[in-house]
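Heads up, the thing below is written out as structure tokens.
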């Protein structure tokens, strides 16, 4: 419950902010700067917490503020290549891999594991549907399993990628059937799944019609040719022109 409250203090539960609303820093006359993800922020990521809790040696104390773990013996093949592909350090990759292998000895994560992770971090709500959508976004080839390489590449984009990279990833998440377009039904399904995951014990209390209102506002702004769908170009252009959406990219860490 506490985690949901922390999330809701800075977000309405969406992966993108409210379109057209001026950020607080802008109102105060302060120039907005894209937030830099700190190690502390990285440690708030559910998937990272899950991995590192398993990476820590048995009986040892693991601090939330410390990502690098000592005595890492596991190492994935092509570590240097992964370091080049991501924005994680070598020690971070080693730590993530150790936990990954401890939790998933086969080297693959399945959808049930994702659902278990999110049910643990969001016990006050129903995280099943959101975990399903998130898993499919990580499962690039659609084979029902996620390799470590795909896992950390996705995490790198979400946690340390550029705004453009995060927006492309968000589009892929919303594009549930992967046809290259986002429909109102698809965006509404994602929004509802996030609100369901947050549960009814959040602050401020969420209205049941909030997801639909959110989607209607976004489509009014994004669907420029009024054809009922949003393309990747419409999505990127609209989001990057909206300062509130840009600043809200940091909120990915709250539901990943």
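Cβ from N, Cα, C; glycine included.
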Residue among 234, 237 sharing the Ca(2+) 2 site, where Swiss-Prot lists 223, 225, 227 as binders: 234
Neighbouring CB atoms within 10 angstroms of the CB of residue 179 (Ca(2+) 1 binding site), all protein chains considered, total 10
Tell me which of the binding-site residues 175, 177, 179, 181, 186 ends up closest to residue 225 (Ca(2+) 2 binding site) in space, Cα to Cα. 181
